[in-house]
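See structure below.
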Amino acid sequence: MRVRNRKGATELLEANPQYVVLNFLEAKAKWRDLFGNDNPIHVEVGSGKGAFVSGMAKQNPDINYIGIDIQKSVLSYALDKVLEAGVSNIKLLWVDGSDLTDYFEDGEIDRLYLNFSDPWPKKRHEKRRLTYKTFLDTFKRILPENGEIHFKTDNRGLFEYSLVSFSQYGMKLNGVWLDLHASDFEGNVMTEYEQKFSNKGQVIYRVEAEF
């Protein structure tokens, strides 16, 4: 989702170093120091305007959250939500999330969220899908043994592809939801996309996969 450039976005991000980590390369292997505790660290790749990551941080104060997005203006809106939520257990990264080993040491994070990632439906773009095996290689490195990926999408094709990709990689599927909002799953925090699609009656798919 491309968002129109927001005037003052850079200044807003720079004015809130308690939430926005600008020296991200120096943060590698030091995230627990930045949070000031040893609580688990959960990362959302492609956090958009921040509804999910800020909502999760508010819902789970004993877990540290990191939201990543490549778009500066989008991340500034995520910062708005973080400030509104009044939470301290969250950091935001304005970076390209294609290689998370640039920002995280091996085993440094405890869970990864992939929400409504670009489906890249054309076969020639398969390697760009975040559930493609080369991305799974990267995710496995930064997660601990038995680390989990929690994945949500409205795109059935991407969901089916991801189930196969996880399984072929040798991952264990701990939970599969073919219609999340019609299930008894508790504690779901919606993204902006999820709210939009749900309002249109679209089915939301979810899976928890463990390395």
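For all residues, glycine too, the Cβ spot is worked out from N, Cα and C.
Between the candidates ASP80, ASP96, ASP154, Swiss-Prot assigns the substrate site shared with LYS122, THR191, GLU192, TYR193, GLU194 to ASP154.
Together with GLU44, ASP96, ASP118, Swiss-Prot lists one candidate of ASP62, ASP69, ASP137 for binding S-adenosyl-L-methionine, that being ASP69. Annotation note: TYR193 (substrate binding site) sits in a helical segment as assigned by DSSP.
When DSSP labels each residue, the region 'Interaction with RNA' (124-129) comes out as 5 helix, 0 strand, 1 coil, counted as helix, strand and coil in that order.
One residue stands out among the binding-site residues ASP96, GLU192 for having the most other Cβ atoms within 10 Å of its Cβ: GLU192. Nearest to TYR193 (substrate binding site) in space, judged by Cα atoms and limited to the recorded positions GLU44, ASP96, ASP118, is ASP118. In the three-state DSSP reading, GLU44 (S-adenosyl-L-methionine binding site) counts as strand.
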